[in-house]
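Input: a single structure, listed below in structure tokens.
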């Protein structure tokens, strides 16, 4: 459960309440409907074992007949979850979900517990991140849905003045957005700071895209809060803005080198 984005930031007492409220739901066969598009949402589901497919009918609801489920739009594996949107917004189910194999296992959380605990904690965090991401110029071209997926994958880290956020020479394993505070980038062969970062700035992207080590260190100059996105999530979620990231130019290095991110190895 701790690996699911909905629960990863809950306090211990909230996690204990969730665990006590979950009910196991075995799905013994393939093609069993768990939820139907258009129905009211009563439960949120976590996949413990197996996989499930999502279907959407353009009419907005499951229809009778062999093609009534509509078009397959996605699938989910063990560790994933579904059903939260209907509970969050009191909306009809947006898709039909069926088991894609035999022997699946779900854990179900009822609407009341879901809203009482998760809506007060995890989703307040999502809304906070969505608001922050809306203010980041780099991400302005993304849709609200794309920003919400990024918000779900972000992890918050805090650093005090003088602490190193990333170190020159280390492998690039995360992309960073500066939520609050300020930081400076330093290179061993250049005296003084080569770049200053403040709220809304980002760094570490080119090292991920080019699979290169960090070519600079970034050090907090005040109390800093960063939102980090891991390498796999970066590749999956930031595809729509990768071209813009690659075109980002760093200016101000006295060597006159252009098209260079201080955190990308040359």
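Including glycine, each Cβ sits where the backbone N, Cα and C put it.
The following features are taken from TrEMBL:
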DOMAIN    6-135  domain 'Cyclic nucleotide-binding'
BINDING   84, 93  3',5'-cyclic AMP 1 binding site
DOMAIN    138-255  domain 'Cyclic nucleotide-binding'
BINDING   205, 214  3',5'-cyclic AMP 2 binding site
| request: For the binding-site residues 93, 214, work out the Cβ neighbour count at 10 Å and name the residue with the minimum. | output: 93
| query | Roughly how many Å separate the Cα of residue 84 (3',5'-cyclic AMP 1 binding site) from that of residue 205 (3',5'-cyclic AMP 2 binding site), to the nearest whole number? | reply | 31
| field | Spatial separation of residue 93 (3',5'-cyclic AMP 1 binding site) from residue 214 (3',5'-cyclic AMP 2 binding site) - C-alpha basis, Å | value | 45
| Neighbouring C-beta atoms (10 Å sphere around the C-beta of residue 84 (3',5'-cyclic AMP 1 binding site)) | 18
| said: Return only the integer: C-alpha distance in Å from residue 205 (3',5'-cyclic AMP 2 binding site) to residue 93 (3',5'-cyclic AMP 1 binding site). | reply: 37
| By DSSP, how many residues in the domain 'Cyclic nucleotide-binding' (6-135) are helix, how many strand, and how many coil? | 37 helix, 39 strand, 54 coil
| Can you count the other CB atoms that lie within 10 A of the CB of residue 205 (3',5'-cyclic AMP 2 binding site)? | 25
| So how many of the residues in the domain 'Cyclic nucleotide-binding' (138-255) end up helix, strand or coil by DSSP? | 33 helix, 39 strand, 46 coil
| Between 0 and 100, where does the mean pLDDT of the domain 'Cyclic nucleotide-binding' (6-135) sit? | 88
